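Taken from TrEMBL, the feature transmembrane segment applies to A:50-73, A:85-106, A:112-137, A:158-179, A:209-234, A:246-270, A:282-304.
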Amino acid sequence: MRTLAKEAPALLVLGALAAAPWLGFGESWALTLLARAMILAMAAVSLSFLVGGAGLVSLGHAAMLGFGAYAVVILDDAQIVEAWVVLPVAITAAAGFALVTGAVAIRTSGVHFIMITLAFGQMAYFTATSLSGYGGDDGYTLYARTELGGSRILSDRLSFHFICLGALTLTWLVCRMLLASRFGRVLRAVRGNPLRAQALGFSPYPYRLLAYVIAGGLAGAAGFLFANATEFVAPAYIAWQRSGELLFMVILGGIGGLHGALLGAFGFVLLEEVLSHQWEHWRIAFGVLLILAVLYLPGGLAGLPAQLARRRGGG
Amino acid sequence: MSLTLLLVQGLNGLQLGILLFLIAAGLTLVFGVMDFINLAHGVQYMLGAYLAAYFAAQTGSFWWALALALPAALLVGLVLEVLVFRHLYDRDHLAQVLATFGVILILNDGVKWLFGAAPLQVPMPADLTGGIPIMDGLLYPHYRLAIIGGGLATAGLLWWLVERTRIGMLIRAGATNAPMVAALGIDIRRLFMVVFGFGAMLAGFAGVMAAPILSVEPGMGDNLLILAFVVIVIGGIGSVRGAFLAALLVGLVETLGRSLMPDLLRLLLDASQARQVGAALASMLVYIAMAAILAFRPAGLFPVRAG
(Lines of atoms letter the chains of each structure in order from A and count residues from 1; the text may use other names and numbers.)
(Lines give C-alpha, C1' and ligand atoms only; values in the text may rest on other atoms or scores of the structure.)
Protein backbone atom coordinates (compact mmCIF):
# COMPACT_ATOMS: atom_id res chain seq x y z
CA MET A 1 0.00 0.00 0.00
CA ARG A 2 2.77 2.39 0.92
CA THR A 3 4.54 1.92 -2.37
CA LEU A 4 1.27 2.58 -4.15
CA ALA A 5 0.83 5.84 -2.23
CA LYS A 6 4.38 6.84 -3.11
CA GLU A 7 3.79 6.21 -6.79
CA ALA A 8 0.39 7.92 -6.78
CA PRO A 9 1.59 11.17 -8.42
CA ALA A 10 3.22 9.31 -11.31
CA LEU A 11 0.24 7.00 -11.80
CA LEU A 12 -2.06 10.01 -11.67
CA VAL A 13 -0.09 11.80 -14.39
CA LEU A 14 0.03 8.72 -16.61
CA GLY A 15 -3.67 8.06 -16.05
CA ALA A 16 -4.57 11.66 -16.89
CA LEU A 17 -2.52 11.36 -20.10
CA ALA A 18 -4.41 8.23 -21.09
CA ALA A 19 -7.70 10.08 -20.65
CA ALA A 20 -6.48 13.40 -22.06
CA PRO A 21 -7.76 12.98 -25.65
CA TRP A 22 -11.30 12.76 -24.26
CA LEU A 23 -10.90 15.52 -21.69
CA GLY A 24 -10.70 18.38 -24.14
CA PHE A 25 -7.12 17.72 -25.27
CA GLY A 26 -8.11 15.89 -28.42
CA GLU A 27 -7.36 18.69 -30.85
CA SER A 28 -4.22 18.44 -32.89
CA TRP A 29 -2.35 21.33 -31.22
CA ALA A 30 -3.05 19.84 -27.79
CA LEU A 31 -1.91 16.39 -28.87
CA THR A 32 1.25 17.88 -30.37
CA LEU A 33 1.95 19.67 -27.11
CA LEU A 34 1.29 16.56 -25.04
CA ALA A 35 3.49 14.43 -27.30
CA ARG A 36 6.31 16.92 -26.85
CA ALA A 37 5.80 16.88 -23.09
CA MET A 38 5.75 13.07 -22.95
CA ILE A 39 8.87 12.70 -25.05
CA LEU A 40 10.76 15.28 -22.99
CA ALA A 41 9.45 13.53 -19.88
CA MET A 42 11.04 10.29 -21.12
CA ALA A 43 14.39 12.01 -21.43
CA ALA A 44 13.87 13.73 -18.07
CA VAL A 45 13.01 10.44 -16.33
CA SER A 46 16.15 8.80 -17.71
CA LEU A 47 18.19 11.82 -16.58
CA SER A 48 16.52 11.71 -13.17
CA PHE A 49 17.55 8.06 -12.92
CA LEU A 50 21.12 9.21 -13.55
CA VAL A 51 21.07 12.29 -11.28
CA GLY A 52 18.89 11.07 -8.46
CA GLY A 53 19.84 7.41 -8.59
CA ALA A 54 23.50 7.38 -9.50
CA GLY A 55 24.42 10.94 -8.48
CA LEU A 56 25.78 11.62 -11.96
CA VAL A 57 24.85 15.19 -12.95
CA SER A 58 25.11 15.07 -16.74
CA LEU A 59 24.97 18.32 -18.66
CA GLY A 60 25.11 16.55 -22.01
CA HIS A 61 21.97 14.47 -21.94
CA ALA A 62 20.41 16.22 -24.95
CA ALA A 63 23.18 14.69 -27.06
CA MET A 64 21.77 11.22 -26.33
CA LEU A 65 18.40 12.45 -27.54
CA GLY A 66 20.20 13.82 -30.57
CA PHE A 67 21.86 10.50 -31.40
CA GLY A 68 18.43 8.86 -31.41
CA ALA A 69 16.98 11.62 -33.57
CA TYR A 70 19.89 11.63 -36.03
CA ALA A 71 19.70 7.85 -36.36
CA VAL A 72 16.16 8.40 -37.67
CA VAL A 73 17.47 11.11 -40.03
CA ILE A 74 20.32 9.07 -41.46
CA LEU A 75 18.16 5.99 -41.98
CA ASP A 76 15.40 8.17 -43.47
CA ASP A 77 17.92 9.49 -45.96
CA ALA A 78 18.79 5.89 -46.84
CA GLN A 79 15.02 5.23 -47.16
CA ILE A 80 14.89 2.85 -44.22
CA VAL A 81 11.77 3.72 -42.24
CA GLU A 82 10.86 0.42 -40.57
CA ALA A 83 10.54 0.96 -36.82
CA TRP A 84 11.92 -2.50 -36.02
CA VAL A 85 15.15 -1.39 -37.67
CA VAL A 86 15.16 2.32 -36.85
CA LEU A 87 14.34 2.11 -33.14
CA PRO A 88 17.06 -0.43 -32.22
CA VAL A 89 19.58 1.56 -34.25
CA ALA A 90 18.54 4.79 -32.47
CA ILE A 91 18.86 3.17 -29.04
CA THR A 92 22.16 1.48 -29.90
CA ALA A 93 23.63 4.67 -31.33
CA ALA A 94 22.77 6.69 -28.21
CA ALA A 95 23.89 3.92 -25.86
CA GLY A 96 27.11 3.50 -27.85
CA PHE A 97 27.88 7.21 -27.61
CA ALA A 98 27.13 7.01 -23.88
CA LEU A 99 29.49 4.04 -23.56
CA VAL A 100 32.39 5.73 -25.35
CA THR A 101 32.07 9.13 -23.68
CA GLY A 102 31.03 7.64 -20.36
CA ALA A 103 34.16 5.48 -20.27
CA VAL A 104 36.15 8.73 -20.05
CA ALA A 105 33.68 10.86 -18.10
CA ILE A 106 32.93 8.36 -15.32
CA ARG A 107 36.60 8.30 -14.40
CA THR A 108 36.04 11.79 -13.00
CA SER A 109 33.45 13.01 -10.53
CA GLY A 110 31.66 16.11 -9.31
CA VAL A 111 32.34 19.28 -11.23
CA HIS A 112 34.69 17.55 -13.65
CA PHE A 113 31.92 15.18 -14.63
CA ILE A 114 29.50 18.04 -15.29
CA MET A 115 31.97 19.83 -17.52
CA ILE A 116 33.10 16.76 -19.41
CA THR A 117 29.56 15.66 -20.22
CA LEU A 118 28.93 19.25 -21.32
CA ALA A 119 31.98 19.14 -23.58
CA PHE A 120 31.04 15.80 -25.11
CA GLY A 121 27.51 17.08 -25.64
CA GLN A 122 28.91 20.06 -27.54
CA MET A 123 31.12 17.72 -29.53
CA ALA A 124 27.99 15.93 -30.70
CA TYR A 125 26.37 19.29 -31.44
CA PHE A 126 29.24 20.54 -33.59
CA THR A 127 29.46 17.23 -35.37
CA ALA A 128 25.76 17.51 -36.19
CA THR A 129 26.23 21.04 -37.56
CA SER A 130 29.00 19.80 -39.85
CA LEU A 131 26.87 17.00 -41.33
CA SER A 132 26.18 18.99 -44.47
CA GLY A 133 24.68 15.93 -46.15
CA TYR A 134 21.89 16.04 -43.56
CA GLY A 135 21.18 19.76 -43.66
CA GLY A 136 24.05 20.86 -41.42
CA ASP A 137 23.02 23.84 -39.34
CA ASP A 138 19.61 24.16 -40.98
CA GLY A 139 18.40 20.72 -40.03
CA TYR A 140 16.74 17.94 -41.96
CA THR A 141 13.07 17.39 -42.75
CA LEU A 142 11.99 13.74 -42.74
CA TYR A 143 10.36 12.39 -45.90
CA ALA A 144 7.87 10.49 -43.76
CA ARG A 145 7.37 9.21 -40.27
CA THR A 146 8.72 5.82 -39.34
CA GLU A 147 6.48 2.86 -40.20
CA LEU A 148 5.69 -0.07 -37.97
CA GLY A 149 5.57 -3.36 -39.85
CA GLY A 150 4.71 -1.43 -43.01
CA SER A 151 1.74 0.41 -41.47
CA ARG A 152 1.77 4.16 -40.93
CA ILE A 153 0.56 3.93 -37.36
CA LEU A 154 2.96 6.65 -36.16
CA SER A 155 1.39 9.18 -38.52
CA ASP A 156 -1.99 8.97 -36.82
CA ARG A 157 -2.12 11.58 -34.06
CA LEU A 158 -4.14 9.57 -31.62
CA SER A 159 -2.10 6.39 -32.09
CA PHE A 160 1.08 8.43 -31.74
CA HIS A 161 -0.24 9.86 -28.48
CA PHE A 162 -0.62 6.36 -27.07
CA ILE A 163 2.69 5.18 -28.48
CA CYS A 164 4.38 8.06 -26.66
CA LEU A 165 2.40 7.31 -23.52
CA GLY A 166 3.37 3.64 -23.72
CA ALA A 167 7.03 4.53 -24.23
CA LEU A 168 6.94 6.97 -21.31
CA THR A 169 5.29 4.42 -19.04
CA LEU A 170 7.83 1.80 -20.07
CA THR A 171 10.72 4.18 -19.43
CA TRP A 172 9.33 5.03 -16.03
CA LEU A 173 8.82 1.35 -15.14
CA VAL A 174 12.31 0.36 -16.30
CA CYS A 175 13.97 3.15 -14.29
CA ARG A 176 11.81 2.38 -11.26
CA MET A 177 12.62 -1.31 -11.40
CA LEU A 178 16.30 -0.64 -11.84
CA LEU A 179 16.35 1.74 -8.88
CA ALA A 180 14.54 -0.79 -6.70
CA SER A 181 16.83 -3.64 -7.72
CA ARG A 182 20.18 -4.67 -6.28
CA PHE A 183 21.80 -2.69 -9.10
CA GLY A 184 19.97 0.45 -8.00
CA ARG A 185 20.96 -0.07 -4.38
CA VAL A 186 24.61 -0.35 -5.35
CA LEU A 187 24.25 2.87 -7.37
CA ARG A 188 22.79 4.67 -4.36
CA ALA A 189 25.49 3.28 -2.10
CA VAL A 190 28.13 4.57 -4.51
CA ARG A 191 26.40 7.95 -4.68
CA GLY A 192 26.28 8.16 -0.90
CA ASN A 193 29.88 7.20 -0.32
CA PRO A 194 32.06 5.72 -3.08
CA LEU A 195 34.78 4.70 -0.66
CA ARG A 196 32.41 2.75 1.55
CA ALA A 197 30.87 1.01 -1.45
CA GLN A 198 34.35 0.07 -2.58
CA ALA A 199 35.20 -1.27 0.84
CA LEU A 200 32.11 -3.47 0.62
CA GLY A 201 33.48 -4.94 -2.57
CA PHE A 202 31.58 -2.97 -5.22
CA SER A 203 33.72 -1.26 -7.79
CA PRO A 204 31.77 1.95 -8.63
CA TYR A 205 33.02 2.29 -12.19
CA PRO A 206 31.13 -0.53 -14.01
CA TYR A 207 27.90 0.20 -12.15
CA ARG A 208 28.01 3.89 -12.97
CA LEU A 209 29.00 3.27 -16.57
CA LEU A 210 26.14 0.82 -17.03
CA ALA A 211 23.70 3.34 -15.53
CA TYR A 212 25.05 5.98 -17.90
CA VAL A 213 24.65 3.68 -20.90
CA ILE A 214 21.10 2.69 -19.90
CA ALA A 215 20.06 6.31 -19.43
CA GLY A 216 21.65 7.09 -22.80
CA GLY A 217 19.75 4.31 -24.54
CA LEU A 218 16.44 5.43 -23.03
CA ALA A 219 17.09 9.01 -24.13
CA GLY A 220 17.92 7.62 -27.59
CA ALA A 221 14.46 6.05 -27.73
CA ALA A 222 13.03 9.44 -26.75
CA GLY A 223 15.05 10.98 -29.58
CA PHE A 224 13.54 8.48 -32.01
CA LEU A 225 10.06 9.62 -30.98
CA PHE A 226 11.11 13.28 -30.99
CA ALA A 227 12.22 13.08 -34.62
CA ASN A 228 8.92 11.45 -35.51
CA ALA A 229 6.88 14.00 -33.55
CA THR A 230 8.41 17.02 -35.27
CA GLU A 231 9.38 15.30 -38.56
CA PHE A 232 12.34 17.63 -38.49
CA VAL A 233 15.71 17.39 -36.77
CA ALA A 234 18.21 20.21 -36.31
CA PRO A 235 21.44 20.52 -34.32
CA ALA A 236 19.69 23.18 -32.20
CA TYR A 237 17.72 20.35 -30.56
CA ILE A 238 20.88 18.95 -29.03
CA ALA A 239 22.68 22.16 -28.07
CA TRP A 240 23.78 22.30 -24.47
CA GLN A 241 20.94 24.66 -23.60
CA ARG A 242 18.59 21.73 -24.20
CA SER A 243 20.62 19.66 -21.74
CA GLY A 244 20.25 22.51 -19.26
CA GLU A 245 16.50 22.50 -19.80
CA LEU A 246 16.35 18.75 -19.17
CA LEU A 247 18.19 19.27 -15.89
CA PHE A 248 15.77 22.10 -15.11
CA MET A 249 12.84 19.70 -15.58
CA VAL A 250 14.45 17.18 -13.26
CA ILE A 251 15.11 19.69 -10.50
CA LEU A 252 11.84 21.59 -11.03
CA GLY A 253 10.04 18.36 -10.28
CA GLY A 254 12.43 17.34 -7.54
CA ILE A 255 15.13 14.66 -7.60
CA GLY A 256 13.65 12.71 -4.70
CA GLY A 257 11.86 10.32 -7.04
CA LEU A 258 11.19 9.62 -10.69
CA HIS A 259 7.71 11.16 -10.52
CA GLY A 260 9.47 14.49 -9.96
CA ALA A 261 10.87 14.30 -13.50
CA LEU A 262 7.37 13.64 -14.86
CA LEU A 263 5.92 16.63 -13.02
CA GLY A 264 8.91 18.74 -13.97
CA ALA A 265 8.69 17.97 -17.67
CA PHE A 266 4.99 18.78 -17.81
CA GLY A 267 5.45 21.87 -15.68
CA PHE A 268 8.25 22.98 -17.99
CA VAL A 269 6.38 22.45 -21.26
CA LEU A 270 3.27 24.13 -19.86
CA LEU A 271 5.26 27.12 -18.58
CA GLU A 272 7.05 27.43 -21.89
CA GLU A 273 3.77 27.28 -23.79
CA VAL A 274 2.07 29.89 -21.62
CA LEU A 275 5.00 32.29 -21.35
CA SER A 276 6.05 32.16 -24.99
CA HIS A 277 2.57 33.30 -26.03
CA GLN A 278 2.63 36.20 -23.58
CA TRP A 279 5.95 37.83 -24.26
CA GLU A 280 8.55 37.71 -27.00
CA HIS A 281 11.35 37.71 -24.44
CA TRP A 282 9.74 35.10 -22.24
CA ARG A 283 13.07 33.44 -21.51
CA ILE A 284 13.84 36.31 -19.14
CA ALA A 285 10.84 35.39 -17.01
CA PHE A 286 11.80 31.74 -17.42
CA GLY A 287 15.28 32.42 -16.10
CA VAL A 288 13.94 34.35 -13.12
CA LEU A 289 11.57 31.49 -12.29
CA LEU A 290 14.43 29.01 -12.63
CA ILE A 291 16.58 30.95 -10.16
CA LEU A 292 13.67 31.35 -7.75
CA ALA A 293 12.89 27.63 -8.00
CA VAL A 294 16.51 26.75 -7.18
CA LEU A 295 16.68 29.18 -4.26
CA TYR A 296 13.28 28.63 -2.66
CA LEU A 297 12.09 25.21 -3.82
CA PRO A 298 14.89 22.79 -2.90
CA GLY A 299 12.56 19.77 -3.00
CA GLY A 300 11.06 20.73 -6.37
CA LEU A 301 7.35 20.56 -7.21
CA ALA A 302 7.14 17.04 -5.78
CA GLY A 303 8.47 18.32 -2.46
CA LEU A 304 6.12 21.32 -2.37
CA PRO A 305 3.34 19.73 -0.23
CA ALA A 306 5.85 18.64 2.40
CA GLN A 307 7.48 22.09 2.33
CA LEU A 308 4.14 23.85 2.79
CA ALA A 309 3.12 21.48 5.57
CA ARG A 310 6.39 22.13 7.35
CA ARG A 311 5.90 25.88 7.07
CA ARG A 312 2.34 25.65 8.38
CA GLY A 313 3.51 23.44 11.23
CA GLY A 314 6.36 25.79 12.08
CA GLY A 315 4.37 29.02 11.86
CA MET B 1 52.58 29.75 -49.59
CA SER B 2 51.35 27.04 -47.22
CA LEU B 3 53.98 28.17 -44.72
CA THR B 4 52.40 31.63 -44.75
CA LEU B 5 49.03 30.08 -44.20
CA LEU B 6 50.43 28.14 -41.28
CA LEU B 7 51.86 31.32 -39.80
CA VAL B 8 48.59 33.25 -40.17
CA GLN B 9 46.55 30.42 -38.74
CA GLY B 10 49.06 30.00 -35.94
CA LEU B 11 48.66 33.67 -35.03
CA ASN B 12 44.89 33.37 -35.21
CA GLY B 13 45.07 30.33 -32.96
CA LEU B 14 47.24 32.25 -30.53
CA GLN B 15 44.71 35.07 -30.51
CA LEU B 16 41.81 32.70 -29.83
CA GLY B 17 43.90 31.10 -27.11
CA ILE B 18 44.50 34.48 -25.48
CA LEU B 19 40.78 35.31 -25.46
CA LEU B 20 40.07 31.86 -24.04
CA PHE B 21 42.64 32.41 -21.33
CA LEU B 22 41.04 35.68 -20.24
CA ILE B 23 37.71 33.90 -19.86
CA ALA B 24 39.13 30.72 -18.36
CA ALA B 25 41.29 32.57 -15.82
CA GLY B 26 38.28 34.00 -14.01
CA LEU B 27 36.41 30.73 -14.33
CA THR B 28 39.22 28.62 -12.92
CA LEU B 29 39.75 30.98 -9.97
CA VAL B 30 36.05 31.11 -9.12
CA PHE B 31 36.02 27.37 -9.41
CA GLY B 32 39.21 26.70 -7.54
CA VAL B 33 38.60 29.07 -4.65
CA MET B 34 34.85 28.69 -4.19
CA ASP B 35 34.19 25.26 -5.69
CA PHE B 36 31.47 27.11 -7.59
CA ILE B 37 30.47 26.15 -11.13
CA ASN B 38 29.47 29.30 -12.96
CA LEU B 39 27.84 28.71 -16.34
CA ALA B 40 27.07 32.43 -16.55
CA HIS B 41 30.73 33.29 -17.10
CA GLY B 42 30.21 33.17 -20.88
CA VAL B 43 27.46 35.78 -20.80
CA GLN B 44 29.80 38.05 -18.87
CA TYR B 45 32.07 37.94 -21.91
CA MET B 46 29.03 38.74 -24.07
CA LEU B 47 28.12 41.62 -21.79
CA GLY B 48 31.62 43.02 -22.16
CA ALA B 49 31.16 43.06 -25.92
CA TYR B 50 27.71 44.68 -25.66
CA LEU B 51 28.98 47.28 -23.21
CA ALA B 52 31.79 48.07 -25.65
CA ALA B 53 29.27 48.39 -28.49
CA TYR B 54 27.06 50.66 -26.40
CA PHE B 55 29.83 52.92 -25.13
CA ALA B 56 31.53 53.02 -28.54
CA ALA B 57 28.27 54.23 -30.07
CA GLN B 58 27.88 56.85 -27.33
CA THR B 59 31.43 58.18 -27.22
CA GLY B 60 32.59 57.38 -30.75
CA SER B 61 35.88 56.08 -29.46
CA PHE B 62 37.03 52.52 -28.86
CA TRP B 63 39.39 53.55 -26.09
CA TRP B 64 36.66 55.36 -24.16
CA ALA B 65 34.46 52.32 -24.66
CA LEU B 66 37.21 50.11 -23.23
CA ALA B 67 37.74 52.43 -20.27
CA LEU B 68 34.01 52.58 -19.48
CA ALA B 69 33.12 48.95 -20.24
CA LEU B 70 35.62 47.47 -17.77
CA PRO B 71 34.21 49.07 -14.61
CA ALA B 72 30.70 48.44 -15.92
CA ALA B 73 31.51 44.73 -16.38
CA LEU B 74 32.95 44.68 -12.87
CA LEU B 75 29.80 46.28 -11.52
CA VAL B 76 27.53 43.77 -13.28
CA GLY B 77 29.64 40.93 -11.89
CA LEU B 78 29.35 42.28 -8.35
CA VAL B 79 25.61 42.83 -8.66
CA LEU B 80 25.15 39.26 -9.87
CA GLU B 81 27.26 38.01 -6.99
CA VAL B 82 25.15 39.83 -4.42
CA LEU B 83 21.80 38.98 -6.01
CA VAL B 84 22.29 35.35 -7.03
CA PHE B 85 25.65 33.65 -6.67
CA ARG B 86 26.22 34.48 -3.01
CA HIS B 87 23.22 32.34 -2.05
CA LEU B 88 24.56 29.33 -3.91
CA TYR B 89 28.03 28.81 -2.41
CA ASP B 90 26.71 26.35 0.16
CA ARG B 91 24.45 24.52 -2.29
CA ASP B 92 25.39 21.50 -4.40
CA HIS B 93 26.73 21.75 -7.94
CA LEU B 94 23.37 20.88 -9.45
CA ALA B 95 21.76 23.95 -7.88
CA GLN B 96 24.68 26.11 -9.05
CA VAL B 97 24.43 24.80 -12.61
CA LEU B 98 20.71 25.51 -12.78
CA ALA B 99 20.71 28.96 -11.18
CA THR B 100 23.58 30.16 -13.36
CA PHE B 101 21.81 28.65 -16.36
CA GLY B 102 18.87 30.86 -15.37
CA VAL B 103 21.21 33.87 -15.41
CA ILE B 104 22.24 32.93 -18.96
CA LEU B 105 18.61 32.81 -20.10
CA ILE B 106 17.92 36.20 -18.54
CA LEU B 107 20.98 37.97 -19.93
CA ASN B 108 20.87 36.38 -23.41
CA ASP B 109 17.29 37.46 -23.91
CA GLY B 110 17.87 40.66 -21.97
CA VAL B 111 20.40 41.97 -24.49
CA LYS B 112 18.08 40.85 -27.30
CA TRP B 113 15.35 42.93 -25.69
CA LEU B 114 17.52 45.99 -25.19
CA PHE B 115 19.67 45.93 -28.34
CA GLY B 116 17.68 43.77 -30.76
CA ALA B 117 18.60 40.37 -32.16
CA ALA B 118 20.65 41.74 -35.06
CA PRO B 119 24.44 41.60 -34.60
CA LEU B 120 26.11 44.88 -33.67
CA GLN B 121 29.37 46.13 -35.13
CA VAL B 122 32.07 47.84 -33.15
CA PRO B 123 34.54 49.93 -35.20
CA MET B 124 38.19 49.11 -34.80
CA PRO B 125 40.26 51.74 -33.01
CA ALA B 126 41.50 54.15 -35.68
CA ASP B 127 45.17 53.88 -34.74
CA LEU B 128 45.15 50.08 -35.13
CA THR B 129 43.39 49.64 -38.46
CA GLY B 130 46.44 48.81 -40.57
CA GLY B 131 48.47 45.66 -40.72
CA ILE B 132 52.06 44.57 -40.83
CA PRO B 133 53.37 42.68 -43.84
CA ILE B 134 54.40 39.18 -42.86
CA MET B 135 55.07 38.11 -46.41
CA ASP B 136 54.76 39.59 -49.87
CA GLY B 137 51.30 41.03 -50.33
CA LEU B 138 49.98 39.62 -47.08
CA LEU B 139 49.13 41.89 -44.15
CA TYR B 140 48.40 40.68 -40.66
CA PRO B 141 46.07 43.18 -38.91
CA HIS B 142 47.59 45.33 -36.18
CA TYR B 143 44.46 44.91 -34.12
CA ARG B 144 44.78 41.14 -33.86
CA LEU B 145 48.39 41.55 -32.83
CA ALA B 146 47.22 44.09 -30.24
CA ILE B 147 44.83 41.47 -28.85
CA ILE B 148 47.68 39.02 -28.49
CA GLY B 149 49.87 41.70 -26.88
CA GLY B 150 47.13 42.96 -24.57
CA GLY B 151 46.24 39.44 -23.55
CA LEU B 152 49.85 38.50 -22.84
CA ALA B 153 50.28 41.68 -20.78
CA THR B 154 47.14 40.83 -18.80
CA ALA B 155 48.42 37.30 -18.27
CA GLY B 156 51.66 38.76 -16.92
CA LEU B 157 49.76 41.10 -14.63
CA LEU B 158 47.64 38.21 -13.43
CA TRP B 159 50.74 36.13 -12.74
CA TRP B 160 52.17 38.96 -10.68
CA LEU B 161 48.88 39.42 -8.80
CA VAL B 162 48.48 35.75 -8.00
CA GLU B 163 52.11 34.88 -7.27
CA ARG B 164 53.53 38.06 -5.77
CA THR B 165 50.83 39.91 -3.80
CA ARG B 166 49.09 39.26 -0.53
CA ILE B 167 45.66 38.93 -2.12
CA GLY B 168 47.11 36.48 -4.62
CA MET B 169 48.56 34.46 -1.78
CA LEU B 170 45.11 34.30 -0.19
CA ILE B 171 43.57 33.23 -3.49
CA ARG B 172 46.12 30.45 -3.92
CA ALA B 173 45.58 29.36 -0.32
CA GLY B 174 41.82 29.46 -0.87
CA ALA B 175 42.12 27.26 -3.95
CA THR B 176 44.07 24.68 -1.97
CA ASN B 177 41.93 24.68 1.16
CA ALA B 178 39.25 27.35 1.61
CA PRO B 179 37.96 26.28 5.07
CA MET B 180 41.49 26.46 6.45
CA VAL B 181 41.92 30.00 5.13
CA ALA B 182 38.63 31.00 6.77
CA ALA B 183 39.74 29.37 10.01
CA LEU B 184 42.88 31.52 9.98
CA GLY B 185 40.74 34.62 10.23
CA ILE B 186 40.42 35.71 6.60
CA ASP B 187 37.00 36.98 5.55
CA ILE B 188 36.50 34.34 2.87
CA ARG B 189 33.19 35.83 1.69
CA ARG B 190 34.93 39.08 0.85
CA LEU B 191 37.70 37.20 -0.88
CA PHE B 192 35.06 35.34 -2.91
CA MET B 193 33.49 38.64 -3.94
CA VAL B 194 36.81 40.11 -5.03
CA VAL B 195 37.68 37.01 -7.06
CA PHE B 196 34.24 36.96 -8.59
CA GLY B 197 34.23 40.61 -9.59
CA PHE B 198 37.75 40.33 -10.96
CA GLY B 199 36.84 37.23 -13.01
CA ALA B 200 33.80 39.01 -14.42
CA MET B 201 35.98 41.95 -15.40
CA LEU B 202 38.52 39.70 -17.16
CA ALA B 203 35.73 38.02 -19.13
CA GLY B 204 34.34 41.47 -19.93
CA PHE B 205 37.79 42.57 -21.11
CA ALA B 206 37.92 39.58 -23.47
CA GLY B 207 34.49 40.61 -24.76
CA VAL B 208 35.57 44.20 -25.38
CA MET B 209 38.66 43.08 -27.29
CA ALA B 210 36.72 40.56 -29.36
CA ALA B 211 33.94 43.04 -30.20
CA PRO B 212 35.62 44.74 -33.21
CA ILE B 213 36.58 41.45 -34.93
CA LEU B 214 33.46 39.42 -34.18
CA SER B 215 29.83 40.32 -34.50
CA VAL B 216 28.31 41.22 -31.16
CA GLU B 217 25.20 39.09 -30.77
CA PRO B 218 23.13 37.29 -28.13
CA GLY B 219 24.53 33.89 -27.24
CA MET B 220 28.05 34.74 -28.46
CA GLY B 221 29.46 33.74 -25.07
CA ASP B 222 27.94 30.28 -24.96
CA ASN B 223 30.33 28.54 -27.32
CA LEU B 224 33.38 30.17 -25.80
CA LEU B 225 32.14 29.12 -22.37
CA ILE B 226 32.28 25.47 -23.39
CA LEU B 227 35.79 25.89 -24.78
CA ALA B 228 36.77 27.68 -21.56
CA PHE B 229 35.47 24.71 -19.60
CA VAL B 230 37.59 22.41 -21.73
CA VAL B 231 40.54 24.69 -21.02
CA ILE B 232 40.20 24.59 -17.26
CA VAL B 233 39.55 20.86 -17.23
CA ILE B 234 42.72 20.28 -19.26
CA GLY B 235 44.72 22.83 -17.27
CA GLY B 236 43.60 21.61 -13.87
CA ILE B 237 40.89 23.39 -11.91
CA GLY B 238 42.16 26.38 -9.95
CA SER B 239 45.48 26.67 -11.76
CA VAL B 240 46.05 29.94 -13.64
CA ARG B 241 49.27 28.58 -15.14
CA GLY B 242 47.43 25.47 -16.32
CA ALA B 243 44.67 27.63 -17.78
CA PHE B 244 47.22 29.68 -19.72
CA LEU B 245 48.95 26.71 -21.33
CA ALA B 246 45.70 24.85 -21.95
CA ALA B 247 44.09 27.96 -23.49
CA LEU B 248 46.92 28.33 -25.99
CA LEU B 249 46.78 24.62 -26.74
CA VAL B 250 43.00 24.67 -27.28
CA GLY B 251 43.18 27.87 -29.36
CA LEU B 252 45.84 26.40 -31.64
CA VAL B 253 44.23 22.97 -31.95
CA GLU B 254 40.85 24.52 -32.73
CA THR B 255 42.15 26.99 -35.34
CA LEU B 256 44.77 24.82 -37.00
CA GLY B 257 42.47 21.81 -36.98
CA ARG B 258 39.77 23.70 -38.85
CA SER B 259 42.13 24.99 -41.50
CA LEU B 260 44.43 22.01 -41.94
CA MET B 261 42.20 19.00 -41.37
CA PRO B 262 40.40 19.08 -44.75
CA ASP B 263 43.74 19.49 -46.54
CA LEU B 264 45.33 16.64 -44.63
CA LEU B 265 42.41 14.33 -45.34
CA ARG B 266 42.59 15.17 -49.03
CA LEU B 267 45.64 12.96 -49.12
CA LEU B 268 43.38 10.01 -48.23
CA LEU B 269 39.91 10.89 -49.53
CA ASP B 270 38.46 12.74 -52.48
CA ALA B 271 37.85 16.49 -52.17
CA SER B 272 34.19 16.69 -51.15
CA GLN B 273 34.46 13.81 -48.72
CA ALA B 274 37.61 15.31 -47.24
CA ARG B 275 35.81 18.59 -46.71
CA GLN B 276 32.89 17.00 -44.88
CA VAL B 277 34.84 14.51 -42.78
CA GLY B 278 37.49 17.15 -42.14
CA ALA B 279 34.96 19.66 -40.85
CA ALA B 280 33.38 17.05 -38.57
CA LEU B 281 36.74 15.83 -37.30
CA ALA B 282 38.06 19.36 -36.77
CA SER B 283 35.10 20.25 -34.58
CA MET B 284 35.72 17.15 -32.47
CA LEU B 285 39.48 17.59 -32.22
CA VAL B 286 39.50 19.72 -29.07
CA TYR B 287 37.26 17.29 -27.24
CA ILE B 288 39.29 14.31 -28.36
CA ALA B 289 42.40 16.07 -27.06
CA MET B 290 40.62 16.68 -23.77
CA ALA B 291 39.56 13.05 -23.48
CA ALA B 292 43.09 11.90 -24.26
CA ILE B 293 44.63 14.17 -21.63
CA LEU B 294 42.05 13.19 -19.01
CA ALA B 295 42.57 9.51 -19.73
CA PHE B 296 46.15 9.91 -18.49
CA ARG B 297 45.70 12.73 -15.99
CA PRO B 298 42.12 12.78 -14.65
CA ALA B 299 42.77 15.97 -12.63
CA GLY B 300 44.25 17.91 -15.56
CA LEU B 301 47.80 18.95 -16.35
CA PHE B 302 48.40 21.09 -13.25
CA PRO B 303 46.14 19.90 -10.44
CA VAL B 304 45.93 22.34 -7.53
CA ARG B 305 43.77 20.76 -4.90
CA ALA B 306 45.40 17.85 -3.15
CA GLY B 307 43.23 14.76 -2.72
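Yeah, the Cβs are placed from backbone N, Cα and C, and that goes for glycine too.
Whatever TrEMBL says is automated annotation, not expert-curated.
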Chain residues outside the transmembrane segment (A:112-137) and at least six past its termini with a C-beta under 8 angstroms from it: 56-63, 66-67, 70, 73-74, 77, 97, 101, 104-106, 234-235, 238-240, 243
Residue numbers, six or more beyond the limits of the transmembrane segment (A:50-73), whose CB comes under 8 Å of its CB atoms: 43, 86, 89-91, 93-94, 96-98, 101, 106, 113-115, 117-125, 128, 131, 134, 140, 142, 146, 175, 178-179, 184, 187-188, 190-191, 207-208, 211-212, 215-217, 219-224, 226-228, 233, 235, 237-240, 242-247, 250, 255-258, 260
Cβ contacts under 8 Å made by the transmembrane segment (A:85-106) with residues that lie 6+ beyond its boundaries: 56, 60, 63-65, 67-72, 75, 113, 116-117, 120, 124, 146, 205, 208-209, 212-221, 223-224
Intrachain residues whose Cβ lies under 8 Å of the transmembrane segment (A:158-179), provided they are six or more past its termini: 7, 10, 14, 17-18, 20-21, 26, 31, 34-35, 38-39, 41-42, 45-46, 48-49, 53, 187-188, 211, 214, 218, 221-222, 225, 228-229, 258, 262
